[in-house]
Amino acid sequence: MSADTQKQISGLAAIDHIRDGMKVGLGTGSTAAWFVKAIADEVKAGMKLTLVSTSNQTTHLAHSLGLEIRDINDVGKLDLCVDGADEIGEGLALIKGGGGALLREKLIWEMADRCIVIADAAKHVATLGQFALPIEVEPFAYKGTINRITDVLSEFDIAKMPILRKKSGEAFVTDGGNLIFDVACGAIHDPSGLASALKATTGVVDHGLFLDLADIALIGTDEGVKVFYP
Ligand SMILES: O=C[C@H](O)[C@H](O)[C@H](O)COP(=O)(O)O
């Protein structure tokens, strides 16, 4: 089974958790796109849902499928958020942000009663850090921020430089107007300590470590969808 088919079956499996009348956060990325398409089918079939989005990309997809996206500030608390991940480690600790949507994703995840992560089998790892950790940075005085981030990383025995993410040769800019620096950590042995230290660094807007947020993982494998809990 291809990785894309694994993503598809995990996205479709998340539909089993949707009930009429729910307020649902739509994630970002190629796996979340399968979920968004499945949601569009449910809505066409008559289900009533209040939907909010984690990125401009997902909003565009949702609109193209005829879905209405509401402003999170008008909706308030959500019943559920369904989103992809770049790595899923022990206790459902995650790395997210490969698509650059980490900040708005985290804002939406934290407003949801339950969060479901959907992914293909390759995302399930023993130790987080093979996927480069995205760190979202305020553009003003970013060089000073990078120096501070490098100092923080060295406290966690990560001797890697943050690399500015680029798209078509230009700095990638997030939906919120920030820069992303990716750090090829290799292995993150203390995700919780690193998450706190990065969050406390001036100029860091947020980072791609999603800890204690996912309630369920639905992972598409060649043997079908496997369910994991923290
Ligand atoms: O910023 C992007 C998000 O965190 C995505 O959910 C993550 O990168 C996974 O994307 P995909 O499902 O395309 O692998």
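Yeah, the Cβs are placed from backbone N, Cα and C, and that goes for glycine too.
In TrEMBL, annotation is done automatically, which means it is predicted and not curated.
Sequence annotations record features per position, and here TrEMBL assigns active site, proton acceptor to GLU105. What TrEMBL lists as substrate binding site is THR28, GLY29, SER30, THR31, ASP83, GLY84, ALA85, ASP86, LYS96, GLY97, GLY98, GLY99, LYS123.
Structure coloured by features recorded in TrEMBL.
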residue : record                 : Cβ contacts under 8 Å, 6 or more apart
THR28   : substrate binding site : THR54, SER55, GLN57, THR58, ASP83, GLY84, GLY99, ALA101, ARG104, GLU105
SER30   : substrate binding site : ASP4, LYS7, GLY84
ALA85   : substrate binding site : LEU94, ILE95, LYS96, VAL117, ALA119, LYS123, PHE210, ALA214
GLY98   : substrate binding site : GLY29, ASP86, PHE131, PRO134, GLY208
THR28, GLY29, SER30, THR31, ASP83, GLY84, ALA85, ASP86, LYS96, GLY97, GLY98, GLY99, LYS123 excluded, remaining Cβ within 8 Å of their centroid (substrate): GLY27, ALA32, ALA101, ALA119
For the binding-site residues LYS96, LYS123, the one whose C-beta sees the most other C-beta atoms within 10 angstroms: LYS96
Greatest inter-residue Cα distance in Å for the substrate-binding set THR28, GLY29, SER30, THR31, ASP83, GLY84, ALA85, ASP86, LYS96, GLY97, GLY98, GLY99, LYS123: 15
CB contacts for GLU105 (active site, proton acceptor) [other CB atoms within 10 A, all chains]: 31
Cβ atoms near ASP83 (substrate binding site) (within 10 Å, other residues, all chains): 31
DSSP three-state assignment (helix, strand or coil) for LYS123 (substrate binding site): helix
Sequence-ordered binding-site residues from THR28, SER30, LYS96, GLY98, LYS123 with Cβ under 6 Å of an atom of ligand 1: THR28, SER30, LYS96, GLY98
For SER30 (substrate binding site), the three-state class that DSSP assigns: helix
ALA85 (substrate binding site): secondary structure state under DSSP, collapsed to three categories: coil
